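Written out below as structure tokens is the structure these notes cover.
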Amino acid sequence: MGRVLQKKKNRSSTPKQRPKRTGQLKSGKKKINVLGNAIIAQNWDRKLTLTQNYRRLGLVHKLNAPTGGSEKKPTKDGRIEELPEDPLHIRSSAKASAKQAAMGETRVERDPETGKIIRVIRDEEEIEIAGRKVKPSNPLNDPLNELSEDEAARQPASQRTNAKSAVVQQLERQADQEGKAVKAKKPRHQSKREEEWIMRLIERHGENYSAMARDRKLNPMQQSEGDLKRRIRKWKANHSS
């Protein structure tokens, strides 16, 4: 004879074993398939961590700036090398963005109707060096400085993308091809049953679309008058020849 407690457990409706959580880690976070893309899976190194793989491939796994845990390599002098700030990182605190903005007066452009600020116009103020006023971006007052900036802006995109890794270029080409495929989506063709249904509506009501919309026998799904017009217009275009 079994024990009373064991018999109660057997009669209980609670499951004996908890169901496995599919697609979740032990911490409760959702498991992300980083190898979902064929190009990334082909160039992925399983011996490296996610951050190391993304850095090697030229990708970014987080847009936010790192809050800690990043390794800073010492230089030959023994000092800690300060990594340059990535302009793509999103500042998470309002204090950091307030420090970045310079205090002072500036011009703004407002909406004439609502009065809201559309954009801030920041003029590059001149600074005085050795008794001469020059721009901060051109302290030597070089006349060829503006020409070099214009040449850099006119530089073709193929030359500017040389710094990108081969994986990033492949991903960009793949995204471009997918975008073109979405734009070139084929139109929906009417089925034979839909064409027969439209013919029955026309035989009974002719051009009276409002009567078609109210017909509960031939239009049981209560398609609207405008929807019926579009379907019949498409049907006539296909059978006009």
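Here the Cβ of each residue, glycine as well, is placed from N, Cα and C on the backbone.
Summarising the annotation, Swiss-Prot assigns region 'Disordered' to 1-30 (among others).
The region 'Disordered' annotation in Swiss-Prot covers 64-86 (among others).
According to Swiss-Prot, the compositional bias 'Basic and acidic residues' annotation covers 70-86.
Marked as region 'Disordered' by Swiss-Prot: 92-111 (among others).
The region 'Disordered' annotation in Swiss-Prot covers 130-193 (among others).
Residues annotated as compositional bias 'Polar residues' in Swiss-Prot: 156-172.
Same-chain residues lying 6 or more positions outside the compositional bias 'Basic residues' (182-191) and placing a CB less than 8 Å from one of its CB atoms are 198, 231, 234-235, 238. Summarising the annotation, Swiss-Prot assigns compositional bias 'Basic residues' to 182-191 (among others).
Among the features that Swiss-Prot reports, region 'Disordered' is placed at 211-241 (among others).
The compositional bias 'Basic residues' feature in Swiss-Prot is assigned to 230-241 (among others). Note: the compositional bias 'Basic residues' (230-241) comprises 9 helix, 0 strand, 3 coil (DSSP; helix = H, G, I, strand = E, B).
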How many helix, strand and coil residues does the compositional bias 'Basic residues' (182-191) contain under DSSP? 2 helix, 0 strand, 8 coil
